[in-house]
Amino acid sequence: MSQSDXRSGXKAREEALEQWVEERKKKRIAEKELRRINKKIKKLEDENPWLGNVVGMLRKKKDEEGGPPAKRARREDMEIDSTPGRKSKARGFTDQERRDHRRRKALENKKKQLAGGGKNLSXEEEEELRRLARDDDERERRVAGPRPGGVNPMXGPPRGAPGGGFVPSLQGVPESPFSRTGEGIDIRGTQQFP
């Protein structure tokens, strides 16, 4: 390798180094500028909470363009045996009522979460929540599930297997065995088993 080759090699290296230093300097300045802009945006969003809704709408639009597919609604058509022992459907809720109730609860949760960040539901969601709440309040009060009364109701024949079945009935038995009179569990052996 001659002297001139070594000189041109060193010159090329110097130029590359200068360019590298220059570009890194530009990068540092750009990053500093970006941090300043982000700070300014955050300050604007903090001072004007309504901007959060705009950001949400922009994100939503971006997701619609090429985001993941939306969640499919849960399907409610599970097969049910129609045995004679099933409780009548009059006590239960219709599928539409269940869907409405679930949607109302979801909207209420969303409202709470947004309120934590100083944001609000969109006008359509707010209107839908009001409508669902009104429908829920106007609906006739019912309770899902079995009839009240427990395993051994006070009145009527005991439910379950003959001879006690689930547990001996302890209704009407005072807590202390020493103050107790009347029926209940035989602890002294003077009565028969209830």
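Glycine residues also receive a Cβ, built from the backbone N, Cα and C atoms like all the rest.
According to Swiss-Prot, the phosphoserine annotation covers SER2 (among others).
The region 'Dimerization' annotation in Swiss-Prot covers 12-59.
The feature omega-N-methylated arginine is assigned by Swiss-Prot to ARG13. A simple way to gauge crowding: the CB of ARG13 (omega-N-methylated arginine) has 10 other CB atoms within 10 angstroms, across all the protein chains here.
What Swiss-Prot records for 20-194 is domain 'HDAg'.
According to Swiss-Prot, the feature region 'Disordered' maps to 45-194.
Note on the motif 'Nuclear localization signal' (65-74): its mean pLDDT in the predicted model is 62. Annotation comment: Swiss-Prot describes 65-74 as motif 'Nuclear localization signal', evidence class similarity to another entry.
What Swiss-Prot records for LYS71 is N6-acetyllysine.
Sequence-distant contacts of the region 'RNA-binding' (96-106) (same chain, six or more residues past either end, CB-CB distance under 8 Å): 76, 128-129, 132-133, 135-136, 139. Residues or ranges marked as region 'RNA-binding' by Swiss-Prot on the basis of sequence analysis: 96-106 (among others).
As annotated by Swiss-Prot, phosphoserine applies to SER122 (among others), with the evidence given as similarity to another entry. A sphere of 10 angstroms centred on the C-beta of SER122 (phosphoserine) encloses 13 other C-beta atoms. For the recorded site, SER122 (phosphoserine), the DSSP three-state label reads coil.
According to Swiss-Prot, the feature compositional bias 'Basic and acidic residues' maps to 128-143. Within its own chain, the compositional bias 'Basic and acidic residues' (128-143) has Cβ neighbours under 8 Å at 91-93, 97, 100-101, 103-104, 107-108, 111, 121, counting only residues six or more beyond its boundaries.
Residues annotated as region 'RNAPII-binding' in Swiss-Prot: 129-194.
Taken from Swiss-Prot, the feature region 'RNA-binding' covers 135-145 (among others).
Per Swiss-Prot, the feature phosphoserine maps to SER176 (among others).
Marked as phosphothreonine by Swiss-Prot: THR181.
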SER122 (phosphoserine) versus ARG13 (omega-N-methylated arginine) - Cα distance in angstrom: 59
